[in-house]
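J.: Okay, handing you the structure first.
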Amino acid sequence: MKVSMSLILITLSALVTIAKAYDPSPLQDFCVAIDDPKNGVFVNGKFCKDPKQAKAEDFFSSGLNQAGITNNKVQSNVTTVNVDQIPGLNTLGISLVRIDYAPYGQNPPHTHPRATEILVLVEGTLYVGFVSSNQDNNRLFAKVLNPGDVFVFPIGMIHFQVNIGKTPAVAFAGLSSQNAGVITIADTVFGSTPPINPDILAQAFQLDVNVVKDLEAKFKN
């Protein structure tokens, strides 16, 4: 059965598009990031030091045994270990976070534009979930997690975690990017700089414009 050349080209184009949606694969053993452009080569958003000058400290970080401060409006804290903390992560397409939650605290709805996330709960009880895209009718996928449970948040999906217990909770998550990025929905929509016209948001969210103005005042940077 013959396969048309156009079908082959379409398939190859799709594969290239998918490949570009993630951090590119490294073409060397490692590429330790440095801030000095005079002595480095620019790769994947960072300058790389001479591999012969790399040392163990370039691949090391400490402190994830320490709880983050959760005394804030959402009662949670995210401690990030990405390429900015471990320069040796540059080009390796992976990073890590520790998330601490006060009782009833939450990691509010947000998205990672460049990474899938896999989360494991170490302590406490969490209610977690993500919402699929418009094409999938915005379905909610949610579970209650206990210690040792694992949940995956696909790349780009809006997701959240809420501590539903009376005691603190701790989770660790791996991300499929050296710098996953984060877009917190409420902060982004109601706290942008400059602010979005409240009339636009009032129509989009079907709210009174004064409610929108109040929300923008709360989330103003």
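Just so it is clear, glycine is given a Cβ too, placed from its N, Cα and C backbone atoms.
Sharing the feature lines straight out of Swiss-Prot:
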| type | residues | note |
| --- | --- | --- |
| SIGNAL | 1-21 | signal peptide |
| DISULFID | CYS31-CYS48 | disulfide bond |
| DOMAIN | 76-213 | domain 'Cupin type-1' |
| CARBOHYD | ASN77 | N-linked glycosylation site |
| BINDING | HIS110, HIS112, GLU117, HIS159 | Mn(2+) binding site |
J.: For CYS31 (disulfide bond) and the residue listed as 'N-linked glycosylation site', what Cα-Cα distance in Å is obtained after rounding to a whole number?
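T.: For CYS31 (disulfide bond) versus the residue listed as 'N-linked glycosylation site', the Cα atoms are 30 Å apart.
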J.: Counting every protein chain present, what is the number of Cβ atoms, excluding its own, within 10 Å of the Cβ of HIS159 (Mn(2+) binding site)?
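T.: Looking across every protein chain shown, the total is 22.
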J.: Return the residues near HIS110 (Mn(2+) binding site) by Cβ distance under 8 Å, restricted to its own chain and a separation of at least 6 in sequence.
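T.: HIS110 (Mn(2+) binding site) has long-range Cβ partners ILE158, HIS159, PHE160, VAL182, ILE183, THR184, ILE185.
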J.: At the level of the C-alpha atoms, what whole-angstrom distance separates GLU117 (Mn(2+) binding site) and ASN77 (N-linked glycosylation site)?
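T.: Cα-Cα distance, GLU117 (Mn(2+) binding site) to ASN77 (N-linked glycosylation site): 17 Å.
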J.: With a radius of 8 angstroms around the mean position of the C-beta atoms of HIS110, HIS112, GLU117, HIS159, what other residues of the same chain does the Mn(2+) site pick up?
T.: THR111, ALA115, PHE130, PHE153, MET157, ILE158, ALA180, VAL182
J.: Does ASN77 (N-linked glycosylation site) have same-chain partners at least 6 apart in sequence with Cβ under 8 Å from its own Cβ, and which are they?
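T.: Non-local contacts for ASN77 (N-linked glycosylation site): ALA67, GLY68, ILE69, THR70, ILE99, ASP100.
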J.: By DSSP, what is the split of the domain 'Cupin type-1' (76-213) into helix, strand and coil residues?
T.: 25 helix, 57 strand, 56 coil
J.: I'd like to know which of these disulfide-bonded residues, CYS31, CYS48, is least surrounded, judged by other CB atoms within 10 A.
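T.: Per-residue Cβ counts within 10 Å for the disulfide-bonded residues CYS31, CYS48 bottom out at CYS48.
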J.: Taking the Cβ of GLU117 (Mn(2+) binding site) as the centre, how many other Cβ atoms fall within a 10 Å radius?
T.: 22
J.: Which whole-number mean pLDDT does the model give the domain 'Cupin type-1' (76-213)?
T.: 97
